[in-house]
Structure formats: C-alpha cells, structure tokens
C-alpha cells in the first residue's frame, strides 16, 4: 500500500509524538513509523512507571502518563500510525522522499523527521556468570511494574539517572536498597543525587561505592545474595532478592545507517539551528540527534521538534512563508 503525506516521523517516543502535534499546528499531515507494537518508545517499553521530574508544569509525572497526554495532544490532527514495522529503505523522487517499511508499506512525503531515540535498543548486561539463569525472575533490566518489588531487598547497580531515580522511587516500597557504583560520584542530575544522599541518611538506601558486581548466589532462579568487589579485590556479600543493573543501552541505528546520513557514534549529526541533517528535508531530533552543546533531555527534544518543523514549513508548502502565531490563536481558529 502506498501513502502520501506531508511529514513522516520515525519514532513514537515523547519527542516524536510532540512533533506530530507541532506539525498539526502548522497544518501538516503526518504518518508515524515505529518498530514497537505500541506507541511510547523507551518510556513505555523500558520504564512506564518511572517518574520524570523535568517536564515543565509537572513536578513529577510517570513516563506512561506523559505518553498518554502527548498522544491525546496529537490526536486532533489524526496522525496515521504504522506500528510493529521499521523504516528500512529510503529513495528520493523529485521533491519527495519515499520510505519503504519492513511490512512493504510505502510512504511518500516532502519531509522526514527522525525521532528514533536510541534506535533499536537493548540493555548492556553485566558480565556475571550464569546471570541468564536469574533473568526475568530475580534480575531485571527494565521496570514496568514496580509494585512487584514491594518489601524486597534490592541491589541496584549503576551511577546514572536510571540507577539513581529508581533507587529513590523504589525506596518508598522496598525493604532495603543497596546502590552499587564503582565511584563515589554519581552522574545523575544534581538534585536527584541530593535526594539520594538524603534518603541514604535514613538507612532506606545504602550507598555501596567503590565496588562493582562480581557474582550472584542463589537457587532455582531465586537470588539470595549479590557479591561485590572493590579495586583491592575485597569482596562483600549483599543479601538481596532482586538485582537491577542499569548500565545504559546498546544502540543500533539499523537501516538508518545506510541512508547516507552523517552518523557518529550511533547518533545522527545535525546543524544546531534547525536540526537538519546533511540531506535537505531530513531532520533528526531527540536523543538520536547530535550537535555541539546537545542536552539529552525530553524538553530539549520538544524544542527541536518545534524548530525543525517551522523550518520545514516552506518545503512542505512549496516556498510559502510562515507567519508565526501563538498556539492560543491557532487552536482557537481550529475550533
């Protein structure tokens, strides 16, 4: 089946969904492609219950709720979703691009917005003997239902945002949390680190710094303890039912890497004015985009979506100038 639209957006994470809204506000029709069966990207697939603290007007919002609200915001513009399929082939035809998906869907558009986050993703697993025996029962790389960790003794490994944020969140329901990190300094947001250290003073979280994961001990997929080791090879046994290793994601751009885009370390290089790639009419926004001074924040991706689509307006509408209007005016006219 062949479709024709104004904009194709690759990725249905928060930035991709906000791009749908921005395009709609500018009168552009959108088709969206995502490899997952449901919309939401990493927010839904990896951490639907994870609290997000840096969305304006929301002191705290769960990832799944953010996706729900973004979907509702985009819905009036009637986007067409092509889920459970990947964008695998790109062809340029006169003023149009043609994308072919893994389900042989063909979509023609004048503009492409790549908001694919980390691309295809999977966890970086710690090199522990027999860890696969515990996966899915005692060892988890993603959390989609934190209630199952209530009353548990949990080892969280890592020093970034995911490790610190989950330690804070799970401390409300867990019996005990050990946060294992090879250094005393954490790379999470400073305010999150401040909260972490405050909770650690109460004893709900124990900071096990200067140590790394060394071994797992248990029977029949039931974890009983986690062995950690410091730089002097001194070991310590942590009594725990659950291990949550948060060492980031493996990234793979898949077929996007073959589209002639400038790619560096699994990211797409863009200009930092309008986030256009080296191919005119193709933009990259959100975590997949790279430029000097890039901040990997959801709100940064929102701004990139707005800028790129305002810039793309003249291409979609054959050189027509865009006269800026505030959303209250535009939405009022739509109603």
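Glycine too: its Cβ is placed from the backbone N, Cα and C atoms.
Keep in mind it's a predicted model, so treat the numbers as computed, not measured.
Swiss-Prot annotations:
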| type | residues | note |
| --- | --- | --- |
| BINDING | 34, 42, 47, 87, 121, 287, 328 | FAD binding site |
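Projection of Swiss-Prot feature records onto the structure.
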{"residue": "34", "record": "FAD binding site", "CB count, 10 Å": "24"}
{"residue": "42", "record": "FAD binding site", "CB count, 10 Å": "20"}
{"residue": "47", "record": "FAD binding site", "CB count, 10 Å": "22"}
{"residue": "87", "record": "FAD binding site", "CB count, 10 Å": "25"}
{"residue": "287", "record": "FAD binding site", "CB count, 10 Å": "25"}
